């Protein structure tokens, strides 16, 4: 397209003289940039581009910069690259615009390649282009650019330093990230937030909290980063405590904060707090985006309120694949298997392409509903219809489905014939089904395989012990328990949580660590006496 336009207007502008005055050129430049910025559709760009060429602005760095930016923003990065390629001797700003375009379009390799070409063409980089290319870098390229940064004297650039810290943190190079942080002259809340993320990425949540406490002025992003770090490191109670502290400090939360807190609520089953966050989102007039909506559906589903999950799903305007995946998973969790299948059909009819997560959710729905024929049909159509290669989770769903309907031998043959090695979860699922359906012989065979294949966990011992016990083989059941004890394997203690006044309290079996343990155990004894009294009253009434 560009070459044809150039032919119409007489070839590259490098060889043409613009007869207009500088004043007129500046006026046209301003107009063209304004028109480009107002462009909302790529279909309108070619006519504007033609005018740019006719008015000799196709080599004007200011106009070309805006043209590249607009094309990239409108998802036409190839058009943007054609524009860039037509420029004689592009400067560092045009390289920056084009690299940004590649990176924002997910073409990181092209962005890095163009940066290397810029260096090869002796165009001196600045901190802006370095920051842009760092967004596309892996650890290896980051180290190369870090060496260039030091050589070219950009080591003190704040934006470059923050971006390199982020890459080092995500790559597990915590020492390098900390070194860059320590060398920064201005370690304000922004730099601290990046370092908090680095600590969280690497699992050093204690260090992240210590740094967070040292930050004097914390903004919303800093609070959210710390809450997110706690959630990602499974410190859900601490995440909720920090959110409450954030509210007491009158720091405004945003949708990212809300999603982090909703994730913690989902994990802990904190329905009331989740409802409060939902009302907070509505009161703050936050948009019910996919990001927030999907988190709400997940929270309500996992906290037991599937009706509210349905309502949120219905009112969401722009659903995506994740929305459907979350809703289908929630329905499966609550035994609404037929409804889950209907949502899947609606998803496909609306043009959404199912992915691996979708099909795991759908197979789980079939499993929970005992829908064997539909489940097998879905599994057999994964590769053929949806071009999704079955993974171990999908095979595990079929084993669970066959086990639930009592077809244990068929499930075992299925495991024997799958192209991947079954894990302890898949084998444990079938062992559990053997206990339910009383198939001692197959249960022993699976247990033997579990003991031989890897270090068995407490669940394997407990399942086999219970299988023997349910069949009246008390001696064998006791021997398995003793073997478990002799191997030094301990069963994880039972755990329960209750939510009181938006606070989560966790209790373990035989727990004596709670600060109010004396009052708790006293109350439990009182409740036990009341229950025994009520039981005696019922016995008297029934005549026992």
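The backbone N, Cα and C atoms fix where each Cβ goes, and this holds for glycine too.
Listed features, source Swiss-Prot:
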- 1-25: transit peptide (TRANSIT)
- 127-156: repeat 'PPR 3' (REPEAT)
- 188-218: repeat 'PPR 5' (REPEAT)
- 219-253: repeat 'PPR 6' (REPEAT)
- 426-501: region 'Type E motif' (REGION)
- 502-532: region 'Type E(+) motif' (REGION)
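Under 8 Å from some Cβ of the repeat 'PPR 3' (127-156) lie the Cβ atoms of residues 92-93, 95-96, 99-100, 102-103, 108-109, 111-112, 115, 118-119, 163-164, 167-168, 171, 173, 185, all in the same chain and six or more residues away from its ends. Non-local neighbours of the repeat 'PPR 6' (219-253) in the same chain are 189-190, 192-193, 196-197, 199-200, 203, 205, 208-209, 212, 260-261, 263-265, 267-268, 270, 273, 280, 284, 502-504, 506; each lies 6+ residues outside the stretch with a CB under 8 Å from one of its CB atoms.
Proximity of distant same-chain residues to the repeat 'PPR 5' (188-218), defined by a Cβ-Cβ separation under 8 Å and at least 6 residues beyond the stretch ends, is recorded for 158, 161-162, 165-166, 168-170, 172, 174, 177-178, 181, 225-226, 228-230, 232-233, 235, 249, 251.
The average pLDDT for the region 'Type E(+) motif' (502-532) in the predicted structure is 67. The DSSP breakdown of the repeat 'PPR 3' (127-156), given as helix, strand and coil counts, is 22 helix, 0 strand, 8 coil.
Residue counts for the repeat 'PPR 6' (219-253) under DSSP (helix as H, G, I; strand as E, B; rest coil) come to 26 helix, 0 strand, 9 coil.
Taken residue by residue, the repeat 'PPR 5' (188-218) breaks down under DSSP into 23 helix, 0 strand, 8 coil.
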